[in-house]
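As recorded in TrEMBL, the features of this protein are as follows:
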- 12-30: transmembrane segment (TRANSMEM)
- 12-312: domain 'Acyltransferase 3' (DOMAIN)
- 50-74: transmembrane segment (TRANSMEM)
- 81-104: transmembrane segment (TRANSMEM)
- 124-144: transmembrane segment (TRANSMEM)
- 156-183: transmembrane segment (TRANSMEM)
- 203-224: transmembrane segment (TRANSMEM)
- 236-255: transmembrane segment (TRANSMEM)
- 261-277: transmembrane segment (TRANSMEM)
- 298-319: transmembrane segment (TRANSMEM)
Amino acid sequence: MGQTNNNTRYSNIELLRFVLMLAIYTWHLVVHGLNYKMIGREPYGNNLELTFIICALLCPAVNTFMFISGWFGIRFKTKKLIMLGLLAFLCSVLTYAVSVQMGLVRFESLAMIRHFIPISTSLWWFMTSYIMVYLFSPLINAGFEHLPRKQIDIVLIALTMIQVLSIISTANLGSTFFGLLYMYFLGRYMKTYRIIISRNKALILWSLSVGLLVVGQLVINHFAPRTIHLFRFLGYHNPLIILQAIGIFFFTWQLPRVHKPLFNTILTPTLCIYLITEQLPGLYKYQTNLLATRPIHGVLFFVGIILGSLLLGHILFAISTRLSDLITERK
């Protein structure tokens with residue numbers, strides 16, 4: 001992700017990926033920390049209008065993250081696949097061990113087994129789905145190289161219909177393998193056929209999408225106050241969220257491209273922010289409570305969690321990379 005065919009990693013794209021990861025963490029603070037996912041089922045005492053705006057700004061992060069992968073294309077490598085698997089394993093086992101040691105969870109044999117095979121047990125829905133897209137990427141890339149555009153168009157139309165029409169049901173095909181597959185395919189499609197949006201048009205697309213997301217939530221809340229449909233409206237399959245992700249990417253892509261190797265290296269383990277924070281029980285509620293009661297401490301804690309995850313991520317990345325090198329060298 002964030003690479004071109006000549007292996008150049010542009011720093012503005014790496015920075016975008018980092019910002020997206022911050023958005024995902026903040027999104028989880030709202031969804032899990034403030035328990036917005038349970039609105040309509042449990043009381044929600046926070047400012048609803050402000051929540052609508054925050055959610056509209058944060059919810060396209062996952063789609064944008066995956067669109068980046070589609071635009072630049074995943075180059076399948078056995079070594080990279082093994083490294084990702086090892087990274088997931090190390091993050092899973094480490095966070096579980098820390099959680100047990102700190103008394104956040106009780107040790108259970110079944111839970112331990114689940115953490116030892118985190119991809120197969122979908123410990124993180126995103127990581128499992130991303131690995132699946134990674135496995136299918138050679139077939140998708142080959143299809144774009146060899147199939148006529150008419151057939152590719154038919155596939156895109158079919159995928160779009162399945163993705164978007166699912167919004168009328170309770171199913172969320174956005175937070176799934178299918179959702180990531182769709183965004184990857186869409187990114188590949190636009191890159192292959194050179195469908196590029198100017199910076200001004202991208203900004204307009206993003207602004208309209210955000211505005212309509214806020215208005216949509218206000219309308220839903222007007223007719224059905226504090227209903228569960230408020231949260232369901234923010235599913236990643238919502239076409240407004242998909243369009244917003246496209247706008248975010250192209251606005252960044254049209255900025256002057258900078259290549260700073262040291263900067264890129266620092267941000268390499270961005271994914272670990274998600275892998276680590278998502279597996280620390282009670283983190284989101286603790287963070288939101290701290291922000292509400294002691295804002296300065298809450299902000300410092302936020303920064304500490306992000307920097308700590310990055311630092312630990314560098315260590316785990318180094319171990320995973322070294323182990324994958326040893327494994328592939330023996331084959």
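Glycine is no exception: its Cβ is also placed from the backbone N, Cα and C atoms.
Across 124-144, 203-224, 236-255, 261-277, 298-319, the stretch most heavily in contact with the transmembrane segment (12-30), judged by Cβ pairs under 8 Å, is 261-277. Long-range contacts of the transmembrane segment (236-255) within the same chain, counting only residues at least 6 positions beyond its ends with a Cβ under 8 Å from a Cβ of the stretch, are 12-13, 16, 59-60, 62-64, 67-68, 71, 163-164, 166-167, 172-175, 179, 183, 186-187, 190, 196-199, 201-207, 209-210, 212-213, 216.
By number of Cβ pairs under 8 Å, the transmembrane segment (203-224) is matched best by 50-74 from the list 50-74, 81-104, 124-144, 156-183. Listed as Cβ neighbours of the transmembrane segment (124-144) (distance under 8 Å, sequence separation of 6 or more from its ends, same chain) are residues 62, 66, 69, 73-74, 76, 80-81, 84-85, 88, 118, 152, 155, 175-177, 179-181, 184-185, 188-189, 192, 274-275, 278-279.
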